[in-house]
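Taken straight from Swiss-Prot:
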- Met1: N-acetylmethionine (MOD_RES)
- 53-97: repeat 'WD 1' (REPEAT)
- 147-189: repeat 'WD 3' (REPEAT)
- 200-238: repeat 'WD 4' (REPEAT)
- 335-376: repeat 'WD 7' (REPEAT)
- 559-598: repeat 'WD 11' (REPEAT)
- 645-684: repeat 'WD 13' (REPEAT)
- 739-785: repeat 'WD 14' (REPEAT)
- 848-893: repeat 'WD 15' (REPEAT)
- 901-946: repeat 'WD 16' (REPEAT)
- 970-1012: repeat 'WD 17' (REPEAT)
- 1036-1073: repeat 'WD 18' (REPEAT)
- 1079-1121: repeat 'WD 19' (REPEAT)
Amino acid sequence: MDALEDYVWPRATSELILLPVTGLECVGDRLLAGEGPDVLVYSLDFGGHLRMIKRVQNLLGHYLIHGFRVRPEPNGDLDLEAMVAVFGSKGLRVVKISWGQGHFWELWRSGLWNMSDWIWDARWLEGNIALALGHNSVVLYDPVVGCILQEVPCTDRCTLSSACLIGDAWKELTIVAGAVSNQLLVWYPATALADNKPVAPDRRISGHVGIIFSMSYLESKGLLATASEDRSVRIWKVGDLRVPGGRVQNIGHCFGHSARVWQVKLLENYLISAGEDCVCLVWSHEGEILQAFRGHQGRGIRAIAAHERQAWVITGGDDSGIRLWHLVGRGYRGLGVSALCFKSRSRPGTLKAVTLAGSWRLLAVTDTGALYLYDVEVKCWEQLLEDKHFQSYCLLEAAPGPEGFGLCAMANGEGRVKVVPINTPTAAVDQTLFPGKVHSLSWALRGYEELLLLASGPGGVVACLEISAAPSGKAIFVKERCRYLLPPSKQRWHTCSAFLPPGDFLVCGDRRGSVLLFPSRPGLLKDPGVGGKARAGAGAPVVGSGSSGGGNAFTGLGPVSTLPSLHGKQGVTSVTCHGGYVYTTGRDGAYYQLFVRDGQLQPVLRQKSCRGMNWLAGLRIVPDGSMVILGFHANEFVVWNPRSHEKLHIVNCGGGHRSWAFSDTEAAMAFAYLKDGDVMLYRALGGCTRPHVILREGLHGREITCVKRVGTITLGPEYGVPSFMQPDDLEPGSEGPDLTDIVITCSEDTTVCVLALPTTTGSAHALTAVCNHISSVRAVAVWGIGTPGGPQDPQPGLTAHVVSAGGRAEMHCFSIMVTPDPSTPSRLACHVMHLSSHRLDEYWDRQRNRHRMVKVDPETRYMSLAVCELDQPGLGPLVAAACSDGAVRLFLLQDSGRILQLLAETFHHKRCVLKVHSFTHEAPNQRRRLLLCSAATDGSLAFWDLTTMLDHDSTVLEPPVDPGLPYRLGTPSLTLQAHSCGINSLHTLPTREGHHLVASGSEDGSLHVFVLAVEMLQLEEAVGEAGLVPQLRVLEEYSVPCAHAAHVTGLKILSPSIMVSASIDQRLTFWRLGHGEPTFMNSTVFHVPDVADMDCWPVSPEFGHRCALGGQGLEVYNWYD
């Protein structure tokens, strides 16, 4: 036999799929979910954990699962065994399964039957299956024999957009077909006079003005619900559809979705709808919206299911997420908004301010200087005191804590501050702090040990008052501890404050958007053991001029650290310290994560809130350790969970330009505000939590544009990763080592996600998401991979620097550190620090004469990135970017990525550059040379010698004086016409002979492979190594014109003898190299549509290679050499 026949071909097997969830069905206490051709089985038993118990791979071949139909059992018991028909596209398969005692067994599986048309619906009929096909016909199928028993078409052979089969026997079978003419056609297949004889429709139902995507029939009440492209849901009174000639009445026309409605489901008491706007609505049968579930991202919710006994709704989205929600009557309910009826003849004056002391006591002050208390339990108002000094202008703030520590503070326009014990208001303490107006008040609490009140006066002076209580608890003591002085600004007062644990510093935010760090007491910085290395002179008394007109001068402690204008001109709204970090929010629509090192504030990460919520008002840490964001979205107050992307509470309050207060405990949440001269109160039980379950986290809401593997972490036995598979369910050879691959993905949804992919569980865990980009992210590059602690003290984990770029010519650099953490589901935690950013038009925004200049095209996109690591000590790497405006740009990273500057550029290609790739050439007795390859939409390749360019002009490594005029990159060392159209994939690999193997894939489906030689020539006018100039020459060149049927978007040379390519034709193909033209070895069909990128890497000798494919989803393959 020929030696090639004995070669073991690489056979790639799918180990993980993250695709849109297109099918859901509750069977007893189990949930079946369809994801591509795979079936996920979840246990919904309340006695155990809500978890996945099995993934059945490739059940439907190359078809996507769209639905499940369970055969009814005579005894109605589906808790032990079930016969399930799985269908999607043109495929159908029947499976008998057993799932008792938390295990899953597949008892029997039929063959995969391919229908001649699209399957819209399936229904069991006495052991057979009826199928509604795409051109308005019905097929009766025998699942045991695998043959068609009968096929009946309709006289209207139109294309259908949905269908619903009704009935339990062939004689009474009814089909409701949604035609592209926006009509519902009701007809009866059993009335056919002969086989294949068309049947005329019995009824035509009109009403929708768009295509009907889904329908649901409730037999007990004779109702039919339809969902349409016209963004509406209609409810029809149809009676018993199994009886011909019935009357149809439209009893409900429901508008609530802002986009197309994909799915609808009728329950006994509810109607569930879900659509393209990623919202699942719960309606009454009268058309009233009862609940709205928001949390999925992207292009919509594709599948819904309901568990009526447990009152659950399950949704599956385009983001690959699966969520479980509680219907009305289960879990926590909002108590709604109620007016507290303040207006009364016994309570004169107009309300000026309101605050909350805990979740059940409310304080309000009027323009007469009267302070009132409202007890939510007693539901009555009580006047605590009245002080004429606090007429007209009055600030009111309650002390933090579960019930406000029983204290509140008032301030007026004459510099007076009053601290009031709520239970004994006669023991209030007055102090005059300033000769002018008090601009703001805030409390700072350190556990139960220390309570401070900060008051801002004229000239940026902040008085710090120490509050303590007498042993009897009936009196309080107010003592001024020190004074701080804010940096100069137009509106010079603080807005919020918090203790930085362990309590040596105070973190404050001011009206100009700055975050400041102050010592919590005078003389603190004299102690060398506190605060680390503070700046010289920081915290020392400084002098500021007052604004009272008397020429008085105030002295105060200056900040030891300042982050000026961090949140823009609208100011900082809150400061929270948790887990060693400082979190700040502002009215710029962002929240920052900061930390203090050596007495200095340092930004870690900037995150955006949900779209449209530009006024962030606060941040809370909930009992499970996650955070929720408070803010205003137009005229609504919103409590938003950034992890689940869900709006937990929405209150239509009229906006944030009013007095309002928020308080939350584990038992309840309260939001009070002034509107129409009265106090309005919204309360919800359960605090800032929502009793819903995320069965599986979503990944990205839009297409994945780039996949990049960072490295591998080995977890010891103490960090064992839990597996949802039983040991006897694992596939042979899948028992790999306890390795976890860290992969970075970026997407058109403007986020960069860090994933953990264990080799043993076939699962994916999203560790964190970075949301700094303002447009789609197209490319990611990684450099500086290491371990925590560095080479001297290596620790378990992984560190790396990441550069991401995309639309609006925007680039960001950040570092990640992945460390073991047994408290998380993935047993890993990821810490992200944002280092720097760059936009091409930043310099233009700072130009005073910009009206005379031509602005850089704001639509420029970065298409690809490549990191070029220099061999010169002390210099950071270069980042090469392929740009849509025809340029190849080089950026210089300095100070470990904290400085990112444009260095050089070239417009050689004169058209959109799609790919850049860097590689090095190393030869004996010669210095290492850095080369760059770029590819454009005309199919040309250009090779640049970066080492020669840097040697000839040493000033190139210094950033240009004018950021708008970078250096020129020069002319390429070699140009090559490799393809007839755009090049979407590019890779190189050094050979043993000292050459380079270069491969490229094009939009025309072709591959181009050639061997590149780098020869060093001596210049006549130069001597030594500096006079050596590389000459690039092609030694061998081969092409495969029809390697794929569509764009080749992924390419990797695994070794000098094997190459793998991926294309939009959904084929992963292996090629043999080294024997002339690349020859076909093997091909595997993958399930990710519109694949945009691919990355392959070796894992271990036991596990072989892994390959990640990203597009409209993510799929991971592995194969053995």
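Every residue, even glycine, has its Cβ placed from backbone N, Cα and C.
Owing to the predicted nature of the structure, the values given are computational and were not obtained by experimental measurement.
In the predicted structure, the repeat 'WD 15' (848-893) carries a mean pLDDT of 84.
With Cβ pairs under 8 Å as the measure, the repeat 'WD 19' (1079-1121) is packed most heavily against 53-97, out of 53-97, 559-598, 645-684. Same-chain residues lying 6+ beyond the ends of the repeat 'WD 7' (335-376) with a Cβ under 8 Å from its Cβ atoms: 382-399, 401-404, 406, 408, 410, 420, 422, 425, 651-652, 659-665, 667-670, 672-674, 677-685. Same-chain residues lying 6+ beyond the ends of the repeat 'WD 18' (1036-1073) with a Cβ under 8 Å from its Cβ atoms: 9-10, 12, 984-989, 991-992, 997, 999-1011, 1079-1096, 1105, 1107, 1109, 1111, 1117. Each residue of the repeat 'WD 1' (53-97) gets a DSSP state, and the totals for helix, strand and coil are 0 helix, 23 strand, 22 coil.
For the repeat 'WD 16' (901-946), DSSP puts the residue distribution at 1 helix, 29 strand, 16 coil.
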